[in-house]
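Taken from TrEMBL as is:
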SITE      TYR29  site 'Involved in heme-bound ligand stabilization and O-O bond activation'
SITE      LYS84  site 'Influences the redox potential of the prosthetic heme and FAD groups'
ACT_SITE  TYR95  active site, charge relay system
ACT_SITE  GLU137  active site, charge relay system
REGION    149-399  region 'Reductase'
SITE      GLU389  site 'Influences the redox potential of the prosthetic heme and FAD groups'
Amino acid sequence: MLSQKTIDIVKSTAPILETHGVAITTYFYKTMFEAHPELLNIFNHANQSQGRQQTALANTVYAAAKHIDQLEVLLPAVKQIAHKHRSLAIKPEHYPIVGEYLLKAIKGVLGDGATDEVIAAWGEAYGVIAQVFIDVEKEMYDAAEQQPNGWKDFKEFYIDKKVEESSVITSFYLKAKDGSPAPAYLPGQYITIRTAIPGEEFLVNRQYSLSQAPGSNAFRISVKKEADHDPKGKVSNFLHDGLNEGDTIEVSAPAGDFYLEKGSRPVALIGGGVGVTPMMAMLGTIAAEEPSRKTVFIQAARNKEAHAFGSEAASLVSQLTDGKVFTAYEEKKNDSDVCDVTGYISKDFLNEVIDSNSICYVCGPVPFMRAVVQHLTALGFDAQDVKYEFFGPAMALQA
Ligand code: HEM
């Protein structure tokens, strides 16, 4: 229990830390990784080099500090982060390390502005915030381990099959090396892949949405190849070019709070680029479990060559009593390329094809999601009926 004095100090200094947010967390990561280079086996180096993780962690700590006397307000945000932490095998013993270097960074950046009293108050507050995460994550670890064929941290899988889905997207079918079937998951959830890349000092981790309905004995992820030297594409490109059928990778149990909810209301699944992957798991689940649910599947791709899953989506939609599929190509390379929208998806188009009573699921690159979410909001959809998944730290859409 924090004293009123501690709460007052933390709340009154939070805006100052906010002003120095990025400086503090940049300092924090630098010194923490110098002292604990082993943590580079967990953190995403591309997020680090782009400053994205810095902003995400800073924003969350300040948001938590502002609500330090009513942390339950933050629980939905904590859960989303905790899913990510759980999928990366973040453990209670990691929290004091982060706490130590965060306090040192506050002191280092603010200098005399951070008195011993202020540092002590933030130390206490961090302890309370960290405990909320640790408790939520413990429940998630227990649930992952206790479910049939579940496990706690990482488990060895092998690539059973690689299937090219388009000029840029390839699917990987992953089977557990111990022969056990893939556990159940919610359509829309992701797994973390951990692997070593030859020549790299540290392990790399990346999250990929599962791209088919649960119930098969394998996980399927579908990965986009990025430009050769794009740091964001390091792991995806290694999967494409460096790993083959039979190779081993480590996989964490499915995680994430973006998933299709069962129900009778119509559904709109809207995927852009490789963001179509969780939509495929959702569509497959509707076809298998709720085939009479009214469903609209909208897929945006750069062009016909980059359009993955065209025939699979059409086949799944054909199993529905009231399903429709629409395709948008940013550009048409040939006149013979058939699509419903050329260019970007507009508000009018969404208005025309989506039932106003729908629950909408959106996934894709940030500009795509921002545009689609804005259109849906302008059309009067309630925020709670527009669900979206981020690639990368969750703050990106608000930036
Ligand atoms: C991701 C906050 C503790 C490692 C994140 C994200 C936030 C966050 C906001 C982005 C979530 C997303 O991508 O959706 C926090 C807060 C913490 C905390 C407020 C303390 C109270 C830790 C600890 C570790 C850790 C103790 C491990 C040493 C990571 C990693 C990611 C992540 C590896 C994934 C993103 C990346 O690799 O750059 N955390 N975190 N976090 N966190 Fe934490």
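Note that Cβ sites are derived from N, Cα and C of the backbone, with glycine treated the same way.
Annotations in TrEMBL come from automatic prediction, not curation.
Only LYS84, of the recorded positions TYR29, LYS84, GLU137, GLU389, place a Cβ under 6 Å from an atom of ligand 1.
Nearest neighbour of TYR29 (site 'Involved in heme-bound ligand stabilization and O-O bond activation') by Cα distance, taken over the recorded positions LYS84, TYR95, GLU137, GLU389: TYR95. Of all the recorded positions listed here (LYS84, TYR95, GLU389), LYS84 has the Cα closest to the Cα of GLU137 (active site, charge relay system).
Counted within 10 Å of its Cβ, the other Cβ atoms near TYR29 (site 'Involved in heme-bound ligand stabilization and O-O bond activation') come to 21, all protein chains included.
DSSP assigns GLU389 (site 'Influences the redox potential of the prosthetic heme and FAD groups') to a strand segment in the three-state reduction.
Within the same chain, the residues at least 6 positions away from TYR95 (active site, charge relay system) whose Cβ sits under 8 Å from its Cβ are ALA130, PHE133, ILE134, listed in sequence order. Separation of the C-alpha atoms of GLU389 (site 'Influences the redox potential of the prosthetic heme and FAD groups') and LYS84 (site 'Influences the redox potential of the prosthetic heme and FAD groups'): 12 Å, rounded to the nearest whole number. Sequence-distant contacts of LYS84 (site 'Influences the redox potential of the prosthetic heme and FAD groups'), defined by Cβ-Cβ distance under 8 angstroms and a gap of at least six in the same chain, are GLN207, ALA255, GLY256. Confidence in the region 'Reductase' (149-399), given as mean pLDDT, stands at 93.
Annotation note: TYR29 (site 'Involved in heme-bound ligand stabilization and O-O bond activation') sits in a helical segment as assigned by DSSP.
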